[in-house]
Amino acid sequence: MTATTLLAVGSGLRRGWTEFRHSLTSREDLIGYLGIVVLFTGMSTFMRGESVRGTDIPIANMWLAGIVGFLVASTAITTVAQGLAVDREDGTLLRAKAVPHGVTAYLIGKAVYVVCVAMASVVLLLIPAFVFFDGFGVYQPTDWITLAWVPVLGLLSLAPIGAILGSLISNPRATMGLVMLPFMGIMAISGVFYQVTGFPEWLQGLAQVFPLYWIALGMRSVFLPDSMLAIEIGQSWRLGEAALVMGVWAAVGFVVAAAVLRRMARRESGSRMEAGRRRAMQRA
């Protein structure tokens, strides 16, 4: 790794942390963080009286484990995609292009930012979940380790996808709708809030191709007892496979996303940036 590359990595880490700290001073961002937590916690309270079929595990506990996975995945994809579309329009990406390894530093910064945002959201969700939901918690020391690495690796595996999608969208306001449609489709087959063992085998296999399935499985391994393995594929949490799949997606994704962003940055110019600003002002 060259000195220039090391500088790019350091710049990306600082950029991501700075962007996250600034978000904590934004009223809109804080309302967004807290609003999601209040919404999902409130929804979970209506499920406390029901149990998963054939078990004494409250449905709310399985739902909460799924929410953690959902927060991780949705933050990685939608936040990066929307942020990239905005940065493309306001010239941030154009400025990154002018610096050696600037696009790489930009992508690292976005990854750091979404990791911080997602982990903050998860912590805010878990505090009331541990207090108000009986039986929901982390009881094994190894589960705390899993709770640390699964969301982070899951974020790194999905953030490049958000970057690639964001590079294809020219209108930031259209980002949410265009990104959420395929995301919700993948989430529907990935068993985020339920196990996929009731699906046809070909659909189960398809679900296991994507990181979202493994993020959700990892979160269930943390918050649900081993008795729930009876309704999981292979009757195992398969954390080794989860790390492998998410690691491959992260490694390949960052290489592809960096190449896509460099290509997009080369096509950007001051005139195109100014045209984008005018379109943004007209939409406002």
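The backbone N, Cα and C atoms fix where each Cβ goes, and this holds for glycine too.
Taken from TrEMBL, the feature domain 'ABC transmembrane type-2' covers 28-264.
TrEMBL lists 30-47 (among others) with the feature transmembrane segment. Packing against the transmembrane segment (30-47) from elsewhere in the chain are residues 24, 58-60, 63-64, 67, 71, 117, 120-121, 124-125, 128-129, 132-133: each is 6 or more residues past its ends and has a CB under 8 Å from a CB in it.
The transmembrane segment annotation in TrEMBL covers 59-85 (among others). Same-chain residues lying 6 or more positions outside the transmembrane segment (59-85) and placing a CB less than 8 Å from one of its CB atoms are 36, 40, 43-45, 47-48, 50-52, 93, 110, 113-114, 117-118, 121-122, 125-126, 129, 133, 135-136, 151, 154-155, 157-159, 161-163, 165-167, 169-172, 175-176, 179-180, 183, 187, 192-194, 211-212, 215-216, 218-220, 222-224, 228, 261.
According to TrEMBL, the transmembrane segment annotation covers 105-133 (among others).
Residues or ranges marked as transmembrane segment by TrEMBL: 145-169 (among others). Sequence-distant contacts of the transmembrane segment (145-169) (same chain, six or more residues past either end, CB-CB distance under 8 Å): 68-69, 72-73, 75-85, 88, 107, 110-111, 114-115, 118-119, 122, 138, 175, 178-179, 211-212, 214-215, 218-219, 221-222, 239, 242-243, 245-247, 249-250, 253-254, 256-257, 260-261, 264.
For 175-194 (among others), the entry in TrEMBL reads transmembrane segment.
According to TrEMBL, the transmembrane segment annotation covers 243-261 (among others).
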Chain residues outside the transmembrane segment (243-261) and at least six past its termini with a C-beta under 8 angstroms from it: 84, 93, 103-104, 106-107, 111, 149-150, 153-154, 156-161, 163-164, 167, 208-209, 211, 214-215
